[in-house]
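J.: Annotations per Swiss-Prot:
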| type | residues | note |
| --- | --- | --- |
| TRANSMEM | 10-30 | transmembrane segment |
| TRANSMEM | 42-62 | transmembrane segment |
| TRANSMEM | 82-102 | transmembrane segment |
| TRANSMEM | 109-129 | transmembrane segment |
| TRANSMEM | 139-159 | transmembrane segment |
| TRANSMEM | 163-183 | transmembrane segment |
| TRANSMEM | 194-214 | transmembrane segment |
| TRANSMEM | 224-244 | transmembrane segment |
| TRANSMEM | 257-277 | transmembrane segment |
| TRANSMEM | 289-309 | transmembrane segment |
Amino acid sequence: MHIKATVERLPGGMMLVPLLLGAVCHTLWPQAGSTLGSFSNGLISGTVPILAVWFFCMGATIQLRASGRVLRRSGSLVLTKIAMAWLVAVLCAPLLPIGGVPSGPLAGLSVLALVAAMDMTNGGLYAALMQQYGSSEDAGAVVLMSLESGPLISMLILGASGLASFDPLLFVGAVLPLLLGFALGNLDAQLRQFFAQATTTLVPFFGFALGNTLDLSTIAHTGASGVLLGVAVIVITGLPLLLADRWIGGGNGTAGVAASSTAGAAVATPALIAGMAPQFAPAAPAATALVASAVIVTSLLVPLLTALYARRGVARSG
């Protein structure tokens, strides 16, 4: 049986299929974790410890050695993505209930969902697109994109926009596993290679644990708004990223288009934020479902838009 190959045909499948399976389990048997206990409960409810290990391993993949040009390219994209997420948070905070829109075509939409979907780029998708349509320097920009992994950037955006106040120690706790992994990965290349293997292995596990916080009715309730959110991520972040790549990064804009996606890891952000800022707890389940939809939508549309833009540039230069 070719289960892995089949799952990977769906964009973000290694995250989203286990997430859906977890949601099915939670819908049919909400008390499964507490009833089974022990290791089964850890697998069902262990989102935070599983993600802690994943953040550590992600940190180990970030290499300190990078040319100034690569840092300029990646820095311009990362800072632009974060700036747009912050701007959206500031503009939408007075318009959206903190617990999310209760019904209608925007059902479940909240500032938490917007920030989580917009502040983290799908680094794997970006690197793959740049290997095909960009240069080695473009692909190398994924170096700084790894820093977006985890809830830290979302915490900073929500704090800077006045929507939340976090204890400084929570910021330290959020970034410490990433920094420890970063330190070890740069001290020993063999350790970097060793830990890097786990970054993909752990994805279905935290996807399943996250799914066990969702109900299928929540996913169905937010279906249309999830598609709209995915399109909004591309529209709102895509043009600024394109311009930043051209004007600041020194590229032709292709890298900017390729960076206008939502990372699979962003699906975990709402639950993690809600655990640190309880006022977001009512919005977290719907936000998780919305971000999962945005991952699928952007994973489908961004490669098409990147290819169209790159070919248009080739046609013009020719």
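Each residue, glycine too, has its Cβ placed from N, Cα and C.
Remember, it's a predicted structure, so these values are computed and weren't measured experimentally.
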J.: Compare 10-30, 82-102, 139-159, 224-244, 257-277 by their Cβ pairs under 8 Å to the transmembrane segment (109-129) and return the stretch that comes out on top.
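T.: Comparing 10-30, 82-102, 139-159, 224-244, 257-277 against the transmembrane segment (109-129), the winner is 257-277.
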J.: Tell me whether the transmembrane segment (10-30) sits in contact with the transmembrane segment (289-309), defined here as at least 3 Cβ pairs under 8 Å among residues 6 or more apart in sequence.
T.: yes
J.: To the transmembrane segment (194-214), which of 163-183, 257-277, 289-309 is linked by the most Cβ pairs under 8 Å?
T.: 257-277
J.: Using Cβ distances below 8 Å and needing 3 or more such pairs, separated by at least 6 in sequence, tell me whether the transmembrane segment (224-244) contacts the transmembrane segment (42-62).
T.: no
J.: State the non-local partners of the transmembrane segment (42-62) in its own chain: residues 6+ outside its ends, Cβ under 8 Å from one of its Cβ atoms.
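T.: Residues 22, 25, 32-33, 36, 143, 146-147, 149-150, 177-186, 191-192, 195-196, 198-199, 202-203, 205-206, 208-210, 212-213, 265, 268, 271-272, 275.
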J.: Of the listed stretches (82-102, 163-183, 257-277), which one yields the highest count of Cβ-Cβ distances below 8 Å with the transmembrane segment (289-309)?
T.: 257-277
J.: By a Cβ-Cβ criterion of under 8 Å, what residues six or more beyond either terminus of the transmembrane segment (163-183) are in contact with it?
T.: 52-53, 55-62, 64, 89, 93, 98, 111, 147, 149-152, 155-156, 195, 273, 276-277, 279-280
